[in-house]
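Features as listed in TrEMBL:
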type     : residues : note
TRANSMEM : 35-56    : transmembrane segment
DOMAIN   : 173-356  : domain 'Peptidase M28'
TRANSMEM : 385-410  : transmembrane segment
TRANSMEM : 431-456  : transmembrane segment
TRANSMEM : 476-496  : transmembrane segment
TRANSMEM : 508-526  : transmembrane segment
TRANSMEM : 532-552  : transmembrane segment
TRANSMEM : 573-593  : transmembrane segment
TRANSMEM : 613-633  : transmembrane segment
TRANSMEM : 640-661  : transmembrane segment
Amino acid sequence: MATKRNFSKSDLARENGNFPFESTRTSQITPLRSYLLLAVYVLSAILLGSSLHYQLPQPKSHRGISPQTDAAEFSEYNALETITYLGETLGYRIVGTIEEAQSADYLLNKIESYQQFAQSIPQAPKFDIWVQHQNGSHRFDIMDHMVLKMYTNVTNIIVRLSCPESAAHPSRECENNAVLLNAHFDTTLGSPGASDDGSGIAVMLEIIRIMSQQSWDGYKNSVVFLFNGAEESLQDASHAFITMHELKDSIRAVVNVDSCGTTGREILFQANSREMIDAYKQAPYPHGTVMANDVFSTGLILSDTDFRQFVEYGDNLTGIDMALYKNSYLYHTHLDTPKYLQRGSIQHLGENVLAITNHLVKNTTLTGIEKSNQVVYFDVYGKFFLVYSWETAFIIQMATVAASGCFFAYTLWRSTTTSPYRSITQTVTAYIVSIISVLISFASAVIAPNIVAFILTSSLIDRPMTWFSNEALGGLIFGPAALCAVLATQLAFSLIPIAPHPDPEHAGFISVLMCFTLVTMATTLSGVASSYIFFVFTSVLLVASVVNEVFLAPTANKSSPKSSSRVGRLSHWTYMISVFPLSFIYIDYVFSLIDIFVPLTGRMGIDTPVDNIVGFIFGMVTFMLSPALIAHAHRFGKKVLVKSIGVLFILQVAIMISAIYSGGSYGGWAFPYDELHPKRLFVQHIKNITSGEASIIVAEADKGPYTLPIVNQLEEAFGVQAEKRGGPSHAADWDSVYPFSAFLGGYRFDSNQYIKDHTSNGTLATSSEPVGLQLSGKVPTVKSFDSQYDHKTGIRTFSVISIAPSFTWTVISFDAHVVSWNIGDTQPLNHTSHYVVRHVGGYGSDGWRLDLQVLVPEHVRQQGEEAARAWTMRAEFTALEKEGFADRGDERLIGGVGMLAEVRKLLPIWTSTTWLGSVVGVWDL
């Protein structure tokens, strides 16, 4: 039975930290050296992790035939040839433009050349080609907005490779089960799309070349390649294929290849079955984790891919979604060109997709695959890829929790049976307090950077996004605050008037272990697959604790005969065997996390508190990279701890002062933008053919205030005051990019007088009418036809027909109680609502039709049948002009004046702009 110990003042002094604990029996490391060693462990892990995380395969520079084996293999050289043609020769391939049609012709010619060559290969696959031109409609929900999509004449090029035509395959059963590979050849409004998705198109072409030039003897399944021509218009072409093409019912699995970056490795970020994850395991350079899947499923990424259409409309389809994702600063900008593709990235992507496809076509039984998210998977620096079921994960993780609990029970027993003796109540109380201190330390680690963010973004300082130009810069700006907060929390808890731990450093380490144990248990019991990362932390900390207890710690707490210090039970080597591996494992995830989220903040909208988001991320990262710092805080007593806090606080203040002074102008280290990390702007010249107004509208997609000098220059150039635009009352300004318009805010400049002052057209210059009513050339028209009113039901049935020659994307928005429509298989809401219908037409299309049944408003019906029959539905209509200003500088002139060109002259080099010319009007239908 343990005896209760009475504490003397000297005991309490030692245990409260006034007398430091020695780390080993033979030597005492100085505080500075000890902290520096801790930093070395973390930094060396970061440097080693960085070299492995960003490692890419050597790109093949030959024409696709291996010099060693004389066999076809993936060649980045060939892929870049395709990407260069699409991204430079053709450039912007927006649906409805001639470049879209030219892209389809280029791909078809190349595919047909592969088909012809394959005819000379023994046992080559049967090579089929389809070209699909399709009309259709569907509902597309994104970012909590409902978008109704209609499309006309969108283009798909489809290739199928299947078992050879021979007596061995008379039934063609191999064609009944197919793997679908998908990529899109269209681009968004503001980008030439070399990476997005020229990279996916090039990879698929290379795979067709390789697979069509080899023997298919013994292949179980077929493979279908979908080159889709309308993804950026909200996934129209993939919807057309999976709902209407003759091959749709043969598709059993999907591999989607897309891109939102230009460098680094591709990542597996969506998967919905064990079989498809096992297929990804065949990739030579795997890079993916269930955490990426969990994060993407939350919607935080504000993006989507064709994968959604296949899963939603396919017959119980499962698959994987892969993409290049690093350096997404250039995503959907004019800088997405071949010049900025990192060498080796396409080789990495291509070899992975080829290996996965070969495995699925050769070896996999594609029938009977069930959707499941009960799978844990992750790679370790692309060297190997672990996959196991959630049932296995649950057993392993809970067993580790149990083992950690047993070790903690042993620690409690030892604390009450060895000198200095402690009662179980005192010991448990002290551990409860120290475990709570770990949790509070994490909270403080993420709160402190948010305080820094609040100061920097305050109206007095006005320095938002000082970290934006480099993904890792947030570590410098927010890291010291997080470290300072962790140490300050430990100092505060050491002042609580309870019987303290005899060895607070050792107890702190055990408390960190128990904290991760509790988090592992909670997340495991809640069924979160990403909980494996907490299991990894718990395992490493448990191993380190056991090794320390068995091999490294002194056998007894003997007082040093030559000093008043006491020998602690935590060896400094324990920090090395815990801090280095944890930092090394975790930094792999950190690089992925910050490479995704930091560039993403540049397009998250004007109201999103991006500084707080990034502050939270780096606070969390700082804590997770070295949770053992909590134990180390108690190694040398309160005096050293207070000094450490002071140093970190001074460092944080110095960094903030430097950021304030250098972040206000282009070229400073804390200025958010430069040529390769641009601020995104949207500039639209909008002509209202109802009111006659003509306006330039400039909008931004992030929180940075740095557009004000641009606005001032535009005011001076155009001789008008800018009108601030934003909110629901001006939502229709950007209907052309709905629903992304919800994230935009900016300024409107009346261009009417400027055009009249600078036109060479004398009639226009002297006319009293606004320029929007004097447009030359074709303008869109919207009319209603076949209107019928049912007096009994109060329902009006009619068709809306739009003719918009020389325009591409069109949008109609209206408020109504719609009873039925001809949009896909979705039903209208059962009440009056605001609807936005976006239409896109392939090259050569110039119109569309929308059939509606609308309940006439009750207050109109109460006025009598005649009034109800005369009722019309008011609609706003927007049409985008086909001219390619971003690519060629072409725009639709008014009186010889090009307003977009005038704006471009004034924009700084650190901006990237999406240019739009549009016509809007109001119709009573």
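In case you wondered, yes, glycine gets a Cβ from its N, Cα and C as well.
TrEMBL labels come from automatic prediction, so no person has curated them.
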_Dominant neighbour of the transmembrane segment (476-496) in 385-410, 431-456, 613-633, 640-661, by Cβ pairs under 8 Å_ = 431-456
*Listed stretch, out of 431-456, 508-526, 640-661, that has the most CB pairs under 8 angstroms to the transmembrane segment (385-410)*: 508-526
*Annotated stretches the transmembrane segment (640-661) and the transmembrane segment (532-552) touching (3 or more Cβ pairs under 8 Å)*: no
*To the transmembrane segment (35-56), which of 431-456, 508-526, 573-593 is linked by the most Cβ pairs under 8 Å?*
573-593
*Chain residues in Cβ proximity to the transmembrane segment (573-593) (below 8 Å; excluding those fewer than six residues from its ends, i.e. six or more beyond)*: 37-38, 41-42, 44-46, 48-50, 52-54, 267, 289, 291-292, 380-381, 509, 533, 536-537, 540-541, 543-545, 547-548, 552, 617, 621, 624-628, 632
*Check the domain 'Peptidase M28' (173-356) for me and report the mean pLDDT.*
96
